[in-house]
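Chemist: Checked TrEMBL, it gives:
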DOMAIN    115-238  domain 'RCK N-terminal'
TRANSMEM  20-38  transmembrane segment
TRANSMEM  74-95  transmembrane segment
Amino acid sequence: MFRLDFIFHPYSKLNTLAKMTGVVLFFALLIGYTIHYLEPEVFPSVFEGVWWAVVTISTVGYGDFVPETTAGKILGMLLIVLGIALFSFFVTNLVSSTIIARHERDSGKLTYQKKEHYIIVGWNERSQLLIRQIHECQPKASIVLVDETLHERTEDFTYTFIKGSATADDTLRRANIGDAHTIIVTANLHTDEKTADANTVLTLLTIKGMKPSIYAIVEMVTQHQIKNADRAGADEIIQSSKYLSRLMLNGMMFHGMTGVISEMLKPGKEEHLQFTPVPHELINESFQKAIEVCQTPDAFLLGIRRKKETMLHPAKGSLLLKGDQLILYKR
């Protein structure tokens, strides 16, 4: 379905549109001034002349202003012939620019220009679900998908498509990695597991080489490249095989537990897991003190996050240090 927002899309050829609009307006202004000069009684001001020119170009006139002199009528005939040709050229180029802009957008050839967006590398079932879940939590979030196998953007999802390999600097530049908030690299499961993880590490090296400060989350299939991903600068490593096996084990030992875990992680819920910095007055205090101060009927204190270490249900005498975060389950 054609939508007018393609005309005003940030990547539309606005320079061409502005030039064509300027030519049409200049032509209408020239004709309006000329007809006012030729027939000042019929066209008492330049504005009436311009109005007549614009209406004649686009609709062949309403009949409210009609030239009376021979020179005026000749000018009117020229305006009808040349004006229709000019207006048709304008509309044709406008439609053409819109179609080209839409094609370039859908085929991933454009450059993203907004800031604080999320970049997802890889088009697969996981990234599709991730896009939907992000919009459930943050309806106004901007998402850029980078993939070299996808031929055209899928209309069922709201994202900007950038076609190309995430190991290429040019592709990441077009994704505007310099202004991105977070990047997530999904594993390519169309290859063998070791190759998929090696490609993920290579992608991560390219990403961190272009913007070392960006928060990068990577999916690893096996444990063989975990250390390399950590050396390459991964801020979070999701070892999908390990997490899935843990879910399966919990389901085997405690039937129905996978549903409980899934519910806790479900996006868009009122109940959700959350980090919160340890209040200044609780630094060097015990975890028991944090329970007394921070735990409420709407916030259950689960544990402590210290750098990359997670301590769930720690001993009540555990000390809280500067930089620690409290893990809460809130509603």
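Glycine is treated like the rest: Cβ placed from N, Cα and C.
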Chemist: Which sequence positions outside the transmembrane segment (20-38), separated from its termini by at least 6 residues, show Cβ-Cβ distances below 8 Å to it?
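Modeler: Result: 44-54, 57, 67, 69, 71-72, 75-76, 79, 82-83, 86-87, 89-90, 93-94.
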Chemist: Count the residues of the domain 'RCK N-terminal' (115-238) that DSSP assigns to helix (H, G, I), to strand (E, B) and to coil, and report the three numbers in that order.
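Modeler: Per DSSP, the residues of the domain 'RCK N-terminal' (115-238) fall into 46 helix, 26 strand, 52 coil.
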Chemist: Which whole-number mean pLDDT does the model give the domain 'RCK N-terminal' (115-238)?
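Modeler: Taking every residue in the domain 'RCK N-terminal' (115-238) and averaging pLDDT yields 93.
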